[in-house]
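Chemist: Below: one structure in structure tokens.
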Amino acid sequence: MTFHPGEFHLSPFGSLRRRLRDCVKVKINTGSRFNMAEAGNGSPTAVPQNFCDGSPTGVLWERDARLTEDKQTGTASSSDNHPETQTGEKPYILYMCGECGYMAAWKYTLSAHMRTHTGEKPYKCNQCDYSAARKSTLDQHIAKHTGEKPYKCDQCDYSAAKKSTLDQHVTTHTGEKPHLCGACGYRTAYKASLSRHMRTHTGEKPYKCDQCDYSAADKFALDYHIAKHTGNKPYMCEMCGYRAVLKSQLFKHMRIHTEEKPYKCDQCDYSAATKNTLDTHLAAKHTGEKPHLCWECGYRTTQKCNLSRHMRTHTGEKPYKCDLCDYSAADKSALGHHLANHTGNKPYMCGECGYRTTLKANLSQHMRTHTEEKPYKCDQCDYSAATKNTLGTHLAAKHTGEKPHMCWECGYRTTQKSNLSRHMRTHTGEKPYKCDQCDYSAAQKSALGHHLAKHTGNKPFMCGECGYRTTQKSSLSRHMKTHTGEKPNKCD
């Protein structure tokens, strides 16, 4: 048997994969082992001449009915003669990649592999500018245009455009999480999720921005960052004009319109629009699990994004930069709120009273002052709250006594992150709230609001009993006690 550069000949049992599938076990004589490294150099002496030629000193393929071993003599015997010596058929060929040593049973498989080195993408989509290295990949892409989802789940009505997507979905039924992190015990259903998770241990950030020194652990994070350079938000909602950097963001947004909540809790009737929201629900209501841990102070949370924000209290990182001044923030929402100081834009308005705000979340909370809705229920008493933060404060004050937010300067602890932020300004002297009509600045937004009333003369808070008006809600609350006779602050 001979060896030619780039080709490795096999006897005609079929492809290497088929042969291995048929074998019960493989025995190798170390004295005549096939040297892959030498084969890669094209050495004709790399493959032993007795390789798979029926000799017991080569490689013995012990097959169910074709090849057995004589237990007394230790030699190979067969109910039918070795196909290569009997039929004289032409040997099969294994094709090797000269770049990396990858081997394939078929020439077209090697051709497809070579495109990973050349970057060639010959398969073009006729509906957009997408191109692919493999036809199967193009077929999966075209399904996005046609809406075809040929892969059906046999346990529910879910369907997918890709088999790999269906395989991931099936794990929601089986609960299987085969991929394990050896560092912390984290388990996941997806290999890709484990790869991303491992970067939290290694600190690896392989995705680099070619316009600045930014790098990211995830590709989607890099895509999101690059949009800051280009301003490109290619995905638009046709119902309201919302634009997004990522297609996945648009899909999530569309559920606001469709009210679709595909993620179901298997322990109660709760459903969610996103998987992250469902995971948070499961941890909060059923498992009590808080898998995301801060190694600095032991803080735990149900959500990775919460941990990322928390870590900035240790690092002092403020990645969100204002492009109109030198302001920077640790949270994106804080930057959005700050930008309104420049633009004066408050797009969200209450139809009941004309209240306007920069954030949609603020409007949602404000509306509950009209509806008196209190959707956040305490599971230990009959207390309910209009906001999640208020419920968290109640739980810490009345039930757990937990005050997770601590000042490293003086040991002050509080139930709320916002309280800690305000407290820290007593140490730093920071006064981020600036008056746009004079040089006044304040450490708290409420103080700035009180000051602005001196310029505008506006006193929005009015007593319904006597017509008293004030610039602050707290002042009105104190005033109301003069009518009720309430004296809550009593000495013990």
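The backbone N, Cα and C atoms fix where each Cβ goes, and this holds for glycine too.
Pulled from TrEMBL, these are the listed features:
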DOMAIN    95-122  domain 'C2H2-type'
DOMAIN    179-206  domain 'C2H2-type'
DOMAIN    207-234  domain 'C2H2-type'
DOMAIN    235-262  domain 'C2H2-type'
DOMAIN    263-291  domain 'C2H2-type'
DOMAIN    292-319  domain 'C2H2-type'
DOMAIN    320-347  domain 'C2H2-type'
DOMAIN    348-375  domain 'C2H2-type'
DOMAIN    376-404  domain 'C2H2-type'
DOMAIN    405-432  domain 'C2H2-type'
DOMAIN    433-460  domain 'C2H2-type'
DOMAIN    461-488  domain 'C2H2-type'
Chemist: What is the three-state DSSP composition of the domain 'C2H2-type' (292-319), stated as helix, strand and coil residue counts?
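Modeler: When I sort the residues of the domain 'C2H2-type' (292-319) into the three classes, I find 12 helix, 4 strand, 12 coil.
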Chemist: Hey, which bits of the same chain come close to the domain 'C2H2-type' (207-234), Cβ under 8 Å, at least six residues off its ends?
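Modeler: Cβ under 8 Å, 6 or more out: 196, 199-200, 243-246, 248.
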Chemist: Tell me, roughly as an integer, the mean pLDDT over the domain 'C2H2-type' (235-262).
Modeler: 83
